[in-house]
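Trainee: Annotation comment: TrEMBL describes 25-48, 109-130, 137-154, 160-178, 199-219, 231-251, 293-313, 333-352, 359-378, 398-418, 455-479 as transmembrane segment. Taken from TrEMBL, the feature coiled coil applies to 608-635. Residues or ranges marked as domain 'RING-type' by TrEMBL: 679-719.
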Amino acid sequence: MEEKIFLGENEEKKERQGLSDKWKLVNVVLLGFAFMLLFTAFLTTSMIGKYVTDSLKTEILEELDENDEDFLHFNDTYWLTYHSEENSMNETYSMIQNEYADGLLGDGYISLSIVYVSFALTNFIAPGVVGILGHKTTMFIAALTYLLYILVFLNPTPLFLYSVSVLNGAGGALLWTAEGDFLHHQSGTERLMSRNTGIFSSFFLCSMINGNIYIMFAWQGEKYVSSEMRTTIFTIFAVLASTGCVLLLFLRGRCCGPEKIEDKEEKTPFSEKFLEFIRTIKKTFKLLLTKNMALFAPYIIYSGFYFGFLSGVYPTVVGNSKNLEDSSAQVGYTGLLTGIGGLVSSAVFVFGSKFFDKFNRSSIAITFLLLHLVSYILTSVNFPHDSNFTSTEDLPDWNIFGSTNLNVAILIAFLMGFGDGGLKNVLFSSVTEGFSTETTSAFALKQFMDALSSAVCFFISNSINLLTLLLILAVLNILTDFAKVASVGSRGKCFQCNRLPQSLAKINGHYYCRSCAEEKKTSNSYNRNGGYYNQSTGYYQPPKFEPSDAKFKCPVGACTTDQLSFGEYFVGACCEKANDWKWKDHNYETLSIVSKEYETAREEEGSAEKVAEDADKALEDAKKKSKEAHEALDQKKIWRKKVQKRHLFLSTEAMKEDNDELEDMVVVKQAKLDDKLKCKVCLENYDNNHPQVILITCGHHFCSPCIAALQQKNCPTCRTRFTPAKILKVFD
């Protein structure tokens, strides 16, 4: 029983210490494989969703019975609404047929727009839900909503499709928030974070390959997606998604509740968990207003809009461009190349991590942004500008290739996938490092902005043409600013001139640089003798300048450092290349700043040297006092033993005078004691030559040589049988 308790405590101790690196790697691989299966089904569904619903509407129009009672009723109801002098009878009838088909089926763009709006809104409560349910349970429940979304395309009526889209969006927010935090828990260092992100991304991006391979072969020669084709592909996707859901249950870790295990006697009550849930939501909202998140926001918004175009709009553009031979099958082909591009990008980060460590993240991100711009230009000249919302036989509006060129379409898909994989890796690592203590809330906000911008992309894709979409993407791309400033801190930027000075003073709740503080001396809040008026104290106080706490990136972009102080930035303290950098046409200003930094460094060095000398002197004094204290302690021990010995002698003599029998008892006890200190066989005192041993079987004691000399292993006193294992040494 005690052994079981010990083992249980030991297991709990191991669990508290966390999983081993081996199991963490297994978790990352298993997570990636589960997501690969789930998103093989979902991503392909989202990519072809618009094309599938449009194909089904085409099928309905081709097979429409003009004598159908429902259609006749619809025609009678809306004829006057759509008929006008500008429209002929045939045009009005065609418009009514299209509206009738639209009413029977949901729209793929609208569905995805609802998914991402729901996704964005749910992100505010996602961290709290993950905190209560834990990673595994949250991911499993959320994955089931993805399965339901896939099944709905077996019968995509508007009510069913849009209702499930709301659920899927909410599930997506929970899934990705839990996944981001779970992956963070499996990565102890920045290097492991980069490796694990690459591994997960590699598996995840395979999901864009698998489903598209099937489409590429199954849809060859098909003008549109028939009902039979739709049933087959979404049944296969449902099986894959179900398998992915089950695999999430095999992740190593707690099934329910947060990863950190609480003591059994300290279990948190549900009311406290609920309050923590509310606090997490408030914390997430507060994080949205921080300066660090503001620096990430343009990048995240662009990434979401771009992903919406990549995952839903571009496949539809390819399928709707009927001047492209076998355009339905090419939807799968271009989707396959998009996945391959993303996979190659992730592989580059996994196997080339040492190479990328030499470059700043901003430089890497800008490189991928330039690839995006190239893909936008190629898209604008290779496809008809109305192909994002209608099927067309027209040639490209800016036709420089003769017609829609398959090779160019494939190149665009590869560039988009490659660029998306690179940007996601940079963004994921940056958010993880920038919000290391608030990863759950940070990822929730990232997904909120990401999803909302994706929803906007899908929503407007039904009403604006391809060229306008590409122009919006290009503008967002250019506006995505990667400045040298990583964070302005709490007192990094001057409130008046918005510059980042070396030092600032707080005046009436705002920080000002020295020049702006001088300008404010002309205001009514300044008193020549007392300084500036302090609203909180009601007194005039002189300004107190403090060093800036802004954080900067490497001045030459040669390394990934992004936590340099003002002085470290101008000194170039992060790497060898930064040590030789020059601020063009501002060498005098740089010299002035570095000179001040040098003076400060000398003062700080002098102060540190004095502190070190004082500490050394204090250490020597402490050693001397320690030695004297130990010598005094030894003398006190010697004196205490003398007094104790004398006290024992006098006490014994006094007791003997009072009791005559006591002396005889002392003699007898001494004799018994002497007997215990001698071997009963050889009568020698126990010492190094005659070490004492005890026979465990009977308790009698002898010296070791006498016991070893016995021919028969029987106790010399009581003849009890013993074995060598039953001999206990008292001393050697």
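Even glycines carry a Cβ here, placed using N, Cα and C.
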Trainee: Have the transmembrane segment (231-251) and the transmembrane segment (333-352) got at least three CB pairs under 8 Å, pairs 6 or more apart in sequence?
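Mentor: Output no: the transmembrane segment (231-251) is apart from the transmembrane segment (333-352).
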Trainee: Could you tell me the mean pLDDT the prediction assigns to the coiled coil (608-635)?
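Mentor: The predicted confidence over the coiled coil (608-635), as a mean pLDDT, is 89.
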Trainee: Need a quick answer: max count of Cβ pairs under 8 Å to the transmembrane segment (25-48), which of 160-178, 199-219, 293-313, 455-479 is it?
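Mentor: Against the transmembrane segment (25-48), the leading stretch is 199-219.
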Trainee: Could you check whether the transmembrane segment (333-352) packs against the transmembrane segment (199-219) - three or more CB pairs closer than 8 Å, residues at least 6 apart in sequence?
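Mentor: The answer is yes, given that the two segments have at least 3 Cβ pairs within the 8 Å cut-off.
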